[in-house]
Structures are given as C-alpha cells and as structure tokens.
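Trainee: Below you will find the structure I want to go over with you.
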Amino acid sequence: MLDVNFFDELRIGLATADDIRNWSYGEVKKPETINYRTLKPEKDGLFCEKIFGPTRDWECYCGKYKRVRFKGIICERCGVEVTRAKVRRERMGHIELAAPVTHIWYFKGVPSRLGYLLDLAPKDLEKIIYFAAYVITSVDDEMRHNELSTLEAEMAVEKKAVEDQRDADLEARAQKLEADLAELEAEGAKSDVRRKVRDSGEREMRQLRDRAQRELDRLDEIWNTFTKLAPKQLIVDEVLYRELQDRYGEYFTGAMGAESIKKLIENFDIDAEAESLREVIRSGKGQKKLRALKRLKVVAAFQQSGNSPMGMVLDAVPVIPPELRPMVQLDGGRFATSDLNDLYRRVINRNNRLKRLIDLGAPEIIVNNEKRMLQESVDALFDNGRRGRPVTGPGNRPLKSLSDLLKGKQGRFRQNLLGKRVDYSGRSVIVVGPQLKLHQCGLPKLMALELFKPFVMKRLVDLNHAQNIKSAKRMVERQRPQVWDVLEEVIAEHPVLLNRAPTLHRLGIQAFEPQLVEGKAIQLHPLVCEAFNADFDGDQMAVHLPLSAEAQAEARILMLSSNNILSPASGKPLAMPRLDMVTGLYYLTTLVEGATGEYQAATKDAPEQGVYSSPAEAIMAMDRGALSVRAKIKVRLTELRPPTDLEAQLFENGWKPGDAWTAETTLGRVMFNELLPKSYPFVNEQMHKKVQARIINDLAERFPMIVVAQTVDKLKDAGFYWATRSGVTVSMADVLVPPQKQEILERHEAEADAIERKYQRGALNHTERNESLVKIWQDATEEVGKALEEFYPADNPIITIVKSGATGNLTQTRTLAGMKGLVTNPKGEFIPRPIKSSFREGLTVLEYFINTHGARKGLADTALRTADSGYLTRRLVDVSQDVIVREHDCETERGINVTLAERGPDGTLIRDAHVETSAFARTLATDAVDANGNVIIERGHDLGDPAIDALLAAGITTVKVRSVLTCTSATGVCAMCYGRSMATGKLVDIGEAVGIVAAQSIGEPGTQLTMRTFHQGGVTGGADIVGGLPRVQELFEARVPRNKAPIADVAGRVRLEESDKFFKITIVPDDGGEEVVYDKLSKRQRLRVITHEDGTEGVLSDGDHVEVGDQLMEGAADPHEVLRVQGPREVQIHLVKEVQEVYRAQGVSIHDKHIEVIVRQMLRRVTIIDSGSTEFLPGSLTERAEFEAENRRVVAEGGEPAAGRPVLMGITKASLATDSWLSAASFQETTRVLTDAAINCRSDKLNGLKENVIIGKLIPAGTGISRYRNIQVQPTEEARAAAYTIPSYEDQYYSPDFGQATGAAVPLDDYGYSDYR
C-alpha cells in the first residue's frame, strides 16, 4: 500500500482505455456472480478469484495450494494466485466493450463538455449517441472538388432521364385518353360518363407529374446535401443518408453512436481550435464571443493539461474490486448484493449479446439498437438517473450507481473519508460531579477497564500478576481484584477526551483526567457544562482515549479543560458559576439590614457591637449563632488586599500581606474574597452574575490560567454550599399576584371598549383599531409588570433567583404572577385580545388556545433553526478551512482603522460600546500618537484592556490595527495580522487553524439567532426587515437583499421627484460630471433618514447633499453594489458591520476578526477582464495572489499585464471555487467538481485540512505542521522506566525516532494475542 505521508499532491485526470486495461487483472466475461450451490465465485464472473484474488487467505480456488508457504504461486489448475484475501479490496477487472460508449458525465453534465469541445448542441449530441441521427465524421473535400463537374453532369443526366421518362409517360397516357374518349363518343355514351373518364385520366397524369417532381426534388436534395456536406453535420433522415452513402460513399464517412464521436475526437486538432477561438474572442462581440469564451475554457483545459479527450469515449469499462461491492448471504439463504453488481450484470449481458449479434452479421438496425442499450447500461452504471428514467431494482427503487456512492451525506466522501469511526472509545449518560476539580471527570470503572484494557494487560504482566498476555486478558475479563489496583495506576495522569454531540465549536471536545467512579454514568464537572452545552436530563457523552505519548501530551497541554476557560469566539470566560452557584454566591454576599449581630456604633450606654479582630473570630461568632453571614460588621483584615482606591489612601507604598486595615462589610463577603487570589483587591458588593462575570474576566486578564481554574473551582464549591444553606426553593405560595392587577385591567378594559365603540361607529378603520388596542394592552402589561416588581418582598425566592442572574427574567415572573399579555398569531402579528390571566391563576380556554399559536411556532422554529444553523456552519468551515497561521509576520504596513471612542458634545470621550469586539486583542499597525506627537504605544504592540485605557487617557479616538483583511501572506495568514488568540489571551501560535475557529465562532451561536423576519414596529405596509439567521446567510452568500436600497454612485446634491407610487432620485455630482438617475423607487420602501448639514436628522429630501456610498432608501445595501462603487475595503467593512448587527441584536459577542477571516475568503478572487500577455482566460476567476504573481512575471518579461476586477463570492461558491478539488468534491455537487477537475487534470497541493483528512494524513495545522512534526523526543531514563505502552516487547520501542508521527502505524488487525504464549 502507498503510505500517505510520502506524497505531496494528488492529481485526477481522464483515464484512457489503455489505463483501464493496465489497472485490470483480467477481463470479466460473464455476468455470473457466485455459484448458489457451492457459494464459490464463478470463473470469469464478477467475483472471479482468478481476476480479483482468493476469497480465503493463502488458498487457491481448487484447493491445490493451501498455507502461507506457497505465497506468490499461481495455481496451474485454476489460475488463482496464492495471496492474502484482502487483495480483493484493491484488484480491479475490466469489461472489453464490443462498441465504444461515451462517458455520461462529460456528455450530460452542465455544461456538456463534449458538446463544447466538438461545438455540437447537447440535443444533437444526444441524437448521435443514442442512434437517432447520423453525423458526418469526415469529407474528402479535394476529391469532391476535383470531380464535382463530372458528378454534376452525371446528376444532370439522371435528372434528364427522369424528365424524359416523365414526358414519355405523360404523352402515352394523353394518347390513351384521347383514344378512350373517341371510342366512347363513337358508342354515343352520355356526357357525364365521358367527363368521368376524362377526370380519371387527368388525375393519373397529375400523379405521374407529382411522382416525377418528387423524384427530381429528391435528387436535388441529395445533390445539395452532398455539395454542402461538412464534418459534424447531422443527417436525421435515414433514407437520405442511405442514398448519399450509395452514390457518394467514397467522398465522405459518417456514422452514428459513440463510434462517430470517437472519430470526430480523433480528427480534432486542439491547438488549431484554441487559436481560432482566441481570435474570435479578440475580434467578436456579444453572443458569439460568450460562446467562444465558454468553449475555450474546455478546449484550453485539454490543451494545457495534456489530457487526451479520447478519455471521454470508453472502449473498456473498469470493474471495481469485489469487496467494495460485496454479496452477503442472509439468514434465509437469500443473498443481499450491492446495486453495482446488478448494473455491471446489465452491461455484461448487453455487451455479450452485442458481440454475438456482430458475429452473426445481424442487420444494422438490430445491432444499433443493441449498441444503444449498451450505452444506456453504461450510463446507468456511472450515473443512474442522469438521463431518462433511472434503472430500478425490486420495489421500484432506483439503483445506486458509482456517482451515487460518492455524492451526498451518505456518500464516500462525507460518510467514510471525513467521518471515520474510532476505536478506543465509549459512550454513556452523564451525571453531575460537584466534587470534581475542573480538570477531572468521573469514569465508570467498567468503561475505564475496557478502554484501558491493553495498558492494564501489559502492566499485569510487568508486575508478574500474569505470565503472558493471554492470561492477563483472561484476568481482565473476569475482573479479578488485582485488576482494579492496576487500573488505578494505569489511568493516573492519562487524560481522556470527552465529547458531546453536536460539537458546534472546539470546546465540544475537551480532555480530563479520569477518576474511577462506581455506577455506569460519566461524571462531568458542573462548570464545563456551558462549553459542552450539556445538561443532565439524559444527555450522553462519548469518551476517547489518546494512545501515543504525543497524543497524551497534546491532550494535556492543549485540550485540558482547565486550559480552555476562555471562549475562542469572544475571549470571555465560559467556565462561569451558573444557576445554583450564582444563587449561592449572591446569597452569601447579600447585606441584610437588621440581621443578627450586625454592627452598631457605640452609645454612652453600650460599646460598639459587631466588631471583629479577624475573620476567624467572626466565624466563631457565626458558629455560636451570634452572627448572621449577611449582617453588616466591621472586621480587621491582614490577608486580603484592600480595594484599589482605599489602598492608595492607606498604604503609600502599596499593600503587602500582613498590613492591617478595617473593612465595613459582611462576613459572607469576607468569605467570598478569601476564595479570590491574595493580590486581588477586596470586592465589597453584592455578587450577582454580572459582577461575578466581571471578576472572572478580570482574573483571566491578570492571572495565569491555573490560578483562574483554581479560583472558579473554589467559587463552585462555595456556591453549591451556600445555595444549599440559603434554602432557596420555589413553591406555589411564593408566586404572589399583585393586588393592583384587577384595577389596572379594569381601567385599560374601559379604554379598549372606547376604541371598540369608535370602530363600530366607523371612526376608525380595522388597522387603526388593532394598533390602538395593541398599544393599550402593551401599556397594561407593562404596568402590571411594574406593580409586580414593587409588590414582591426582597427575600422572595423567585425574585432572588431572577435578581441574582441565576436564571429567568422579570418577563417570566410577570407571566407567572402578573399577566401573559399580548401574543402573536402565526403571521407574527399581535392578536389584539390579551391573555389577562397569569399562569398562577390559570388560563381560560380561549386564552389557552390563542397562546398555542406562539408556543407551537416557537418549537417549529427551533427545529428549523438547528438544521439551518448546522448547514451554515458547514459552509463556513468549508470556505475557511485552509486559513491557517503560516508565519509570524508578513511585515505589511497596511491595516484597518477602528474607533476606540467618540467625542461627546462637551469634549469628553465616550468609550465605543464595541471596543471589546473590534480593537481589543489586535496588534497596532502604526504608532499611536497623541495630539502633541508623543508616541503612546508603539507599532506591533498588542491591544489589551490596559493598552486601550492608556490610549483613551491620552485622548486618542481611532487607531490603525493589523487585520487579516490586509494580511499579505501568500497562503493562510500571519500571526501579527491575526493578533491575539481569543482562547489563550496570547499572540496566536503558528499552525493555529484560525479559519475553522472563525467558522465555529460564527456558526455556534447560529442556533440562538431567530428565524423570523421582523415587521417594522407595527407599521403596516412597511418592508419586512430580514433579521436573524436568514440575514446572516444572505450576507455570507453575498445574495442581493430583498428590498435592496440603492446607494449613491457619486457625491452630489439630490433632486427628488415623486409620482403616485414611485420616487425618482437624481444626483447632480459635485464635480460637474453626468447626472446619475435612480428611477422607479417604490414608495413602500421609504426614503432614508439622514443627518443634514446643519446637524439635524430627517428624511432625505430635495437639495440634500450625499456622499459616495450613502444609502438613499431604507433597507439593506447590495454588497456587490458597495464593491462596485466603493471598492473592496468598504465592502469588507460593510459585511463585518452587518453580520455583527445581527449577532449583537441577540446579545451574542463575537470578535470582528472571526467575521473578517470569512470575508477575506469571499474576496480572494479576481475576474479577468482582459488577459494581456498572460495565460488567463477573459471572464475566468483566479486567486488574487496568483493574478498578482503572474502579472509581475509578465511585466518583468516586458509583456502586457492582465486586467481584472475584484469579485465578491458567496461562501458556497467560494468553497466550490477552491483550488483543492478534494475539498470541493466533498462539499457539494460532487460529480460536477470531479468532472471539471478530471478535464483540467487538477492537482491538489493538500494545503487545507479537509484534503489531508480525506487521504488520511495529519492535518497541516496545530502540531501537524512540519515545524512541529519533525521534533524528536528523547525520553530520560526515568521516563523510560516509568512509561507503559500498548503491549510491545521490543526494547527498541524508544529508539531515537520515537515520537516521529510518520512512523508506520501498528496494524492492530493483524495482532493475534496467541503469539504471546
């Protein structure tokens, strides 16, 4: 077998008949499969052992040779080679066809490659191939020209003969008529008898004339056809063709079927054709030029690749190895077989019949029919259903052809090459493990034993518990007591990977150190649930075991859960306390007035109360019951750092551990602060979720990950402990209905009645009534909500849960205890009848019914959203999978400008709300200079929070930062342009697959995005705004938006004219150029609100001034227009901004750089307008880097560079346009991609990730890139002594090449444990 690590590219091309014969080990001559009595393959059949190899290892068909010692011998009796049976997976056969057939991919695909090559319309091509028309393959012009006059004279003679014959016949008939009439007259017949005779005579003469004329016309047609006869001409009339063949057979050749196509291709001069097409393109116009361009693409492909177009017509058909189209016996003695065998059988049957007919010398019409059937059967084998009705099997099911095996989710690419199954894995239900540390998981004993079986067996032998591997295996299977001790030892510090489907981002797989637990459920740390999106309502997770030392090291260093606290999308911590933990910490840090033992100032009667010399003393008081955790106290602290402002007052040289200070706080807050790192300033406030998030963010920014991990673990423990102690529970009694509710409802009911009366009187129309009612009831709902909030006591558990940020919100509380309010109908409009009841009181039947609309739509939406969002992620991954950090710095000077703050009216700086996702974690492209010219931060510095604060303090509002949009790396991007990795908080590593991270970061929140298209605030007739997921798809697919808004092509003054339904906008340019007119703009779309020159805002009106690229109407701008008018940089900014708007509306934080990575891929290509002296074809798409390199080369040689314009491609198109044919074929439209790749003889350089996964190489990202792969690990003596590996008794296991990823894999299938006796 070929080792995948030793080749660098993979090429696909057209196979000629000779290639097919070279691959083959013999010809399949019979349609038989296996003998149903002996169950052995039939000789020369589809499973023949002589062709494909033996069915049993080292055993020939007749049984003469058995055993491995005869290896390589070919049996003289049955002709079978003695070898392994697995050669039946790789040996191919072939079928020699009695007549050539065309390959359906090249004839039927769109566009038809054969048609373009031969310049034949697909319809004509079909007629030729399926024997409905003859085609002229060659004409001997010279001979025809030389003998034309002779032939013409012969034709004239023939015509003369026909005319003479006609005249003679007419003469004779006329004389006979005269004689008959004379005779009748003599007999004295009546006049009507005479008339009848005359009429019949004249009729016969007319027929004679017509017959002669037809003959003359036919001769004319034959002659005209012959004189104009040219190659590739179709002749549908069989009689005409026969005549031509009989008369002028030596001057031309013609045929039908694939043979004629083959002859045409043989006579085809590719170079001459390419030259003439280039000439047409240079001089032609319109349709003619377009057609020539399309044809040139195909012709040039053959010219440049050196492929022979003969490969599109087959003389032999390959037969794939039998193990890939198996036949298996079912229980009932029946057989199940792959559809391919049926399809091959049809081909062989028809082929054999055709051979027989040709040998018998059957009439041409019968032979042609058989040839047509053969062509159809080969078509069905290659791509069933592409032409005509598909061939069906039992139960009218279309048979799966070779193309179907590659296509779609169940095809070879997606099912078997990109989604392989893994050994050393298990799955089970998950339960919570609150006692675990962040980097641990609980692994059921039985599962661990099965997973670590080889390790345990090896260790049992090492420790002399077992004599050999076989007995060790028996011990493990019988679960002897020693096994458990060995298992404990083996799993120590051996991380396992846990994965929960769907794995939407990279945190869906993390490494943990296993702890053995009883039971059969995997225990999961509560803080990693957020990353896995797991809950414990029956979710299952899979466990995988990293085997090699390198895999274990990667799992521990890169994938351990405590190293993955930050989200790769936004850089915010994901391992946050949630639900009960939040409630517990909130309870712990609450301050309650009047609680037991609270601080009281000294009076003349009593000293100070509630003052403690240390936290320990306060805890003693609490244990004694004299102090509540939530009471305000004064306490002297020495081990906790004071808040920053207090520290500046109290300690001039800064606080050191041991310095005492007094805090006015609660014991709970002191306990909370003891959980944080020593040097973290004291936090003296109530901890709701937002504050907790802020603290953990801060910790992640300032402390190493290990400290953060330990801290969140402590917070988790404290959270659970105090949540239990707080006794927060919810019962019916806690759901309190506010007493004002009745009065509020009655008041609004009266208003609604008034509106209803107006409507009845006709003072309001239907729409106005509905809008007024909706407004009234929205106010009522809001008022009930406010009343509810004021009515609830502070210690109510429901309010505590909501206010702490653990879960839920006030709207849900209002629904429970206030009123549900207005609901929508399936169209998304409000139903003007509100739901007045709360869930506590219960709904009436009508209320329940109208509530179900929204509820059911919600469920349906969720299901649709999940599928859509998954598909979006898949397309994003596909388009960005080859964006990998390839170098440290591309040294570009370019960058993009980002805003840090806006100046307010009073001159103060207002920090930009989106700094976190725009400037944060990037690298400065130029020095940041303040108003006086001082350099605040130098170029190349990373922008973290401290740096941004420094810039704002210096009054700098915008900075220029490096971005992937301006990166000049030839492949992938450079680390400096990408900036900081959001997941680690450090500069991104070389080898990081930032493209995939970007796709996951955008795709993972996709499910949260809403499906619906929003109505603009109740304005009827207002255009729908497309929002949510559809909008994101529209942007990434670069589609023209519905209701697109025109943008100003030039800067100038607006002239506005309106008619009944339309606006007409004319822009008079400032530079005095031609006026630009936008006609027929629908009034329904409404004009854009703009800021006028005097600073006021208003609708665009006559005389306003607009800049280039300003939108003129409401709606979304078309990105292609933005590209045309404003250029690539603006369209990049536009797309990033628009995508971010959708995500921000849902409260999802994603860093701009992820969206930029995708947008960069959408703008990578250039359309060639003029090819200059380059090889590019006009109208073709090419990579920008390739375009620039080629232009540089041509200019250096003194040629004319090509002209091109940037083009914006949607992600699906961009994925299919990738250089890698493997990646494109595994994405969509597999057959089309492969057809194209084969004609162009495409070579896949294996740069991206997908290509390498498909052929089984390590991916060129992460530790798979060459700079990491060629590291050699030299273990120390201790490591050598302590390490245990998969059973292997060779001491050279730790030879110097230990750790080389390119070493041969262990063939586990061939391991017989019996060798170790």
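Every residue gets a Cβ built from N, Cα and C, even glycine.
Swiss-Prot lists CYS60, CYS62, CYS75, CYS78 with the feature Zn(2+) 1 binding site. Positions annotated as Mg(2+) binding site by Swiss-Prot, on the basis of sequence analysis: ASP535, ASP537, ASP539. Per Swiss-Prot, the feature Zn(2+) 2 binding site maps to CYS890, CYS967, CYS974, CYS977.
Have a look at these and tell me how they're positioned relative to everything else.
Mentor: Reduced to three states, the DSSP call for CYS60 (Zn(2+) 1 binding site) is coil.
ASP537 (Mg(2+) binding site) falls outside any helix or strand according to DSSP and counts as coil. The Cβ of ASP537 (Mg(2+) binding site) lies under 8 Å from the Cβ of no residue that is in the same chain and 6 or more residues away along the sequence.
CYS890 (Zn(2+) 2 binding site) carries neither a helix nor a strand DSSP state and counts as coil.
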Trainee: If you count other Cβ atoms within 10 Å of each one's Cβ, which of the binding-site residues CYS60, CYS62, CYS890 has the most?
Mentor: CYS60
Trainee: Write down the Cα-Cα distance for CYS967 (Zn(2+) 2 binding site) and CYS60 (Zn(2+) 1 binding site), rounded and given in Å.
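Mentor: CYS60 (Zn(2+) 1 binding site) to CYS967 (Zn(2+) 2 binding site), Cα-Cα distance: 62 Å.
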Trainee: CYS974 (Zn(2+) 2 binding site): which of the binding-site residues CYS62, CYS75, CYS78, ASP539 is the nearest Cα neighbour?
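Mentor: Considering only the listed binding-site residues, the nearest one is ASP539.
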Trainee: Using the Cβ centroid of CYS60, CYS62, CYS75, CYS78 as the reference point for the Zn(2+) 1 site, which residues of the same chain not in that list have Cβ within 8 Å?
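Mentor: After dropping the recorded site residues, what remains is TYR61, GLY63, LYS64, TYR65, GLU76, ARG77, GLY79, VAL80.
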Trainee: Which of these binding-site residues has the least crowded Cβ, counting other Cβ atoms within 10 Å: ASP535, ASP539?
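Mentor: Across ASP535, ASP539, these binding-site residues, the one with fewest Cβ atoms within 10 Å is ASP535.
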Trainee: Can you tell me which of the binding-site residues CYS62, CYS78, ASP535, ASP539 is spatially closest to CYS977 (Zn(2+) 2 binding site)? Compare CA atoms only.
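Mentor: That would be ASP535, nearest by Cα distance.
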Trainee: Per 10 Å Cβ neighbour count, which of the binding-site residues CYS75, CYS78, CYS967, CYS974 ranks highest?
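Mentor: Its Cβ has the most other Cβ atoms within 10 Å: CYS967.
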Trainee: Could you name the residues, excluding ASP535, ASP537, ASP539, of the same chain that surround the Mg(2+) site, i.e. Cβ within 8 Å of the Cβ centre of those residues, in sequence order?
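Mentor: These residues sit around the Mg(2+) site: ILE430, ALA534, PHE536, GLY538.
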Trainee: Based on Cα distances to CYS62 (Zn(2+) 1 binding site), point out the closest of the binding-site residues ASP535, ASP539, CYS890, CYS967.
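Mentor: Looking at Cα distances from CYS62 (Zn(2+) 1 binding site), the smallest one goes to ASP539.
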Trainee: Cα distance, ASP539 (Mg(2+) binding site) to CYS78 (Zn(2+) 1 binding site), nearest Å?
Mentor: 57
Trainee: Suppose we draw a 10 Å sphere around the Cβ of CYS977 (Zn(2+) 2 binding site). How many other Cβ atoms does it contain, all chains included?
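Mentor: Here the count is 30.
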